[in-house]
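Asker: Quick paste from TrEMBL:
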- LYS35: active site, proton acceptor (ACT_SITE)
- LYS35: N6-(pyridoxal phosphate)lysine (MOD_RES)
- ARG130, MET306: substrate binding site (BINDING)
- 237-366: domain 'Alanine racemase C-terminal' (DOMAIN)
- TYR258: active site, proton acceptor (ACT_SITE)
Amino acid sequence: MPRPIEALIHTEALAHNLGRARAQAPNARVWAVVKANAYGHGIERAYPGLRAADGFALLDLAEAERLRALDWRGPILLLEGVFEPRDLELCSRLKLWHAVHCEQQIDWLAMHKTHEPHRVFLKLNSGMNRLGFAPAAFRAAYARLDALPQVDEIGLMTHFSDADAPRLGADGIAHQLAAFEAAAEGLAGERTVANSAATLRHAARTANDWVRAGIMSYGGVPDFPEHDAAHWDLKPAMTLRSKIIGVQPLQPGDTVGYGSAFTAERAMRIGIVACGYADGYPRHAPTGTPVLVDGARTRTLGRVSMDMLAVDLGELPASGFGSEVTLWGEGPRGARLPIDEVAHAAGTIGYELMCAVAPRVPMRSDGNA
Ligand SMILES: *Cc1c(COP(=O)(O)O)cnc(C)c1O
């Protein structure tokens, strides 16, 4: 008998969330961003729910190959472009579109031998200072690409640092959008600037030819806790669930787990859940992190250990050994625990939790698209 923990991927939720990106940006095409193995959901498991996308965006060439192996014939965009010259051969063979963010990538293209001219997206560093050409170098880079026989179409892209919330003393996306519009003015090509946060919060200004829907496709909220999944009408694409494998009655003064980080003030019952940080549950989740037992909301107690964590059964007399525990996602009887709430309690973001589910957790799709 394997441990009772498992992760379920909800095909219908993925399709619903992708539809939300479309509804926000009805005149744009939608990239489903499936980097990091579809944000931990698994490319193959997520694909049935996301196949209505206009394209898939990711970073890893091996992941692009997996999408082609699923028989996806449409656009695939490498968001960071190629990492070495021979990657361009795979781009030619698999018809991958790729970002071009630095001079080296143009040098490599210029030396690349291909009968299949490439479609590229030239990336502007509009202020995030991660990847991309500086505004002053953007037009020269465009002209270089435009002169290459290896390139047939050039799109234009940038990425926002603060689409989820205005930074104190700054203006959110306005300065980056202005930099992009100035740099792109008069240049032919499709535009893409919006991530999930921009698609949800600033679609009127940012939904151009393509939007790049990452976290929202999985039902995660980029601007939690200002807004939650219900506000944006997003559904969890992943449920992490397990069972109670032990019950302990506590007397006042009894403590729970390593470091005795929780002390009972009164007599109570606790449940021990087969889920720990080696499953990807955040070790930093403190006492009080929300969790569902038999669909009812309760809290974690004490430190998360490698394979187990403790939950409060004080208000749940009918629950105990064998009860179903929802760490995040969809619980029994319509109960739901957004991953964002768990992440927030643990001082991180839903993105990190969904990407971190450990390989030892069996993961499967519920498969009804
Ligand atoms: C990851 C990524 C996205 C998607 O971001 P979300 O916040 O998950 O929507 C969009 N664009 C680029 C360039 C990215 O790297």
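Don't overthink the numbers, they just go from 1 along the chain as shown.
Every residue gets a Cβ built from N, Cα and C, even glycine.
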Asker: Cβ neighbours within 10 Å, counted over all protein chains: which one of the recorded positions LYS35, ARG130 has the most?
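Answerer: Output for this query is LYS35.
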Asker: Measure from the CA atom of TYR258 (active site, proton acceptor) to the CA atom of MET306 (substrate binding site) and give the result in Å, rounded to a whole number.
Answerer: 11
Asker: Provide, as an integer number of angstrom, the distance between the C-alpha atoms of LYS35 (active site, proton acceptor) and ARG130 (substrate binding site).
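Answerer: Taking the Cα atoms only, LYS35 (active site, proton acceptor) lies 17 Å from ARG130 (substrate binding site).
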Asker: As a quick check of your reading of DSSP, tell me how many residues in the domain 'Alanine racemase C-terminal' (237-366) are helical, how many are strand and how many are coil.
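Answerer: With helix first, then strand, then coil, the domain 'Alanine racemase C-terminal' (237-366) has 22 helix, 49 strand, 59 coil.
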Asker: Do you know offhand how many angstrom separate TYR258 (active site, proton acceptor) and ARG130 (substrate binding site) by C-alpha?
Answerer: 40
